[in-house]
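These features come from TrEMBL:
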DOMAIN    18-71  domain 'Amino acid transporter transmembrane'
DOMAIN    145-475  domain 'Amino acid transporter transmembrane'
TRANSMEM  20-41  transmembrane segment
TRANSMEM  47-69  transmembrane segment
TRANSMEM  150-169  transmembrane segment
TRANSMEM  227-247  transmembrane segment
TRANSMEM  259-277  transmembrane segment
TRANSMEM  289-310  transmembrane segment
TRANSMEM  331-349  transmembrane segment
TRANSMEM  369-401  transmembrane segment
TRANSMEM  421-442  transmembrane segment
TRANSMEM  448-471  transmembrane segment
TRANSMEM  496-517  transmembrane segment
Amino acid sequence: MPRQGEVDFVDAPVASYSNWVGFVFIFNLIVGTGALTLPGVFARAGWLLSLLIIILLAVISYITVTYVIESMACANAVRNWQNLQALRISRNDDVNDDEVDAPLLPAASLQDQIVGGGDELERVPLTIQNAEFHYYQLNHKFELGEMASLFFNDFGRIVFYMCFIIYLYGDLSIYSAAVARSLRDVVCDHTNNTNVSQSNMLYWPADFKHNAIDACWEDHTISRLSMYRVFLIGFVMIFGPFTAFSVQKTKYLQMATAAFRWLAFTLMICLALKLLITNGPKGHPVSVNVYGIPSLFGACVYSFMCHHSLPSLLAPLKHKLKAVKILSYDYIVICTFYIVLAMTGIFAFEHIEDLYTLNFLPSKVDYSNFFSVLLYGIDYFLALFPVFTLSTSFPIVAITLRNNLQALFLDTIHYDSYNFFVRRILFPLCTIVPPFCITYFTESLANLVAFTGSYAGAGIQYVIPVCLVYFSRRTCIELLGSGLKNQFESPFKSNIWLALVLLWSIACVCLVSINLFS
């Protein structure tokens with residue numbers, strides 16, 4: 001309900017959900033497969049260093065989330081201002097000399113005259129008598145790309161799309177490698193790679209070359225690397241063609257995926273706690289290891305990422321003024337959840353795989369009682385968990401990447417004028433082939449996550465929100481003046497915070513680059 005003296009003009013009615021449902025949706029969006037790489041990077045970077053950095057990165061990620069919310073409100077304000085100008089011009093054209101001095105219509109009459117939807121004038125904010133309507137809203141969903149086009153120049157728009165596209169390429173590479181590795185390690189005889197040294201090189205890490213030599217089964221000559229590539233090719237051939245079409249995740253698919261995710265993470269924490277209680281700590285991670293920072297930084301950035309999809313979740317939120325508070329609760333719960341997941345894992349297992357679910361392969365447990373049948377099924381479920389969830393997400397991410405490539409290189413207004421090859425073959429191939437080539441020559445999820453999170457992920461999570469909020473504030477001040485208050489303004493509104501976030505991101509990326517390629 002609007003406050004006294006305010007007129008609540010809104011867009012066409014849309015489906016909405018409560019604060020609690022919004023909390024759950026945002027939690028499910030943030031807690032994804034990236035969390036499965038956290039125990040491995042915690043073990044490499046040290047438990048104390050990892051604990052400090054993940055808390056710090058959670059705080060910084062939350063700061064930039066508030067910048068995205070403020071920028072979206074600014075985009076709505078610009079849109080409302082433009083609609084108001086169009087309405088004023090339309091009315092000035094229609095009035096005659098006898099109507100120039102007519103009294104101002106009451107709010108109810110004005111609201112009846114303003115229509116929304118399509119290309120018509122939408123319901124816009126107006127100043128009625130002495131009551132000021134808030135321009136700043138979250139009613140209209142502005143994606144990051146739309147905000148970049150609104151507030152950035154051509155160079156900034158191209159940089160945004162390049163950063164976003166690289167991040168999505170990294171996503172697809174991680175998805176492909178995770179599915180192929182999970183299937184390979186479930187099917188093949190499992191070998192413990194505890195003594196295999198970890199390499200900081202992006203391509204051909206030590207475990208990858210090791211798998212090129214090891215046989216998948218004792219009695220066969222096919223290598224684990226060959227089986228990985230067979231599963232990778234099969235996965236891309238099955239799900240790659242969906243990139244050429246329009247595939248949307250249904251409500252029931254989202255619910256099933258969320259249920260699988262919650263069940264899997266809960267089981268992993270419970271099984272790790274059971275191992276700690278019954279067998280004592282098997283893992284003895286160091287407290288600090290600076291050489292593990294690249295993977296740690298990339299995994300933490302990747303695991304707190306929600307910025308690119310945040311507008312879609314905020315628009316239907318019923319009580320939008322509480323969006324910042326809801327997100328603060330989400331980040332506190334998620335950070336705690338990540339710490340529990342990683343800490344129980346690094347002390348329960350002597351060696352942590354890049355993909356944490358691979359620590360629960362059935363061959364790793366000595367089953368000796370009747371209860372072993374249930375544990376056997378649980379271990380198989382956990383080992384195949386990435387296959388279930390990522391297979392449903394892969395087409396969605398691929399289509400999103402294809403659409404962004406088309407938005408960058410094609411005239412989307414005249415999209416139908418392009419031939420069939422460009423629309424249905426060229427851009428789907430440009431979407432699928434690069435991730436396939438990358439994962440064909442490396443299966444190291446730690447390095448893939450480190451590269452994706454440290455560069456493109458840091459750009460989307462840190463640099464772009466800072467630039468968006470800075471230029472959106474300037475634009476709104478130019479159009480609306482400084483008298484109107486943005487009710488969705490970030491609590492971290494000082495330019496000092498903007499500078500600190502930028503300096504932090506630059507320092508981290510430089511440090512990661514030195515460690516990753518040295």
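Note that Cβ sites are derived from N, Cα and C of the backbone, with glycine treated the same way.
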- Would the transmembrane segment (20-41) count as touching the transmembrane segment (496-517), if touching means at least three Cβ pairs under 8 Å and pairs must be 6 or more apart in sequence? no
Check your understanding: Hey, does the transmembrane segment (369-401) touch the transmembrane segment (47-69), meaning at least 3 C-beta pairs closer than 8 angstroms, sequence gap 6 or more?
Key -> no
With pairs closer than 6 in sequence left out, are the transmembrane segment (448-471) and the transmembrane segment (227-247) joined by 3 or more CB pairs under 8 Å? no
Outside the transmembrane segment (369-401), at least 6 residues beyond either end, the same-chain residues with a Cβ under 8 Å of its Cβ set are 32-33, 36, 165, 168-169, 171-172, 175-176, 178-179, 182-183, 185-186, 235, 239-240, 242-243, 245-249, 253, 257, 260-261, 264, 267-268, 271, 355, 357-358, 360-362, 428, 431-432
Per the Cβ filter (under 8 Å) with a sequence gap of at least 6 from its ends, the transmembrane segment (331-349) is approached by 27, 30-31, 35, 38-39, 42-43, 47, 50-51, 54-55, 58, 61-62, 65, 265, 268-269, 272-273, 275-276, 281-283, 285, 303-304, 356, 359
Highest Cβ pair tally under 8 Å against the transmembrane segment (421-442), stretches 150-169, 259-277, 496-517, lands on 150-169
In contact by Cβ distance (the transmembrane segment (496-517), the transmembrane segment (150-169); 3 or more pairs under 8 Å)
no
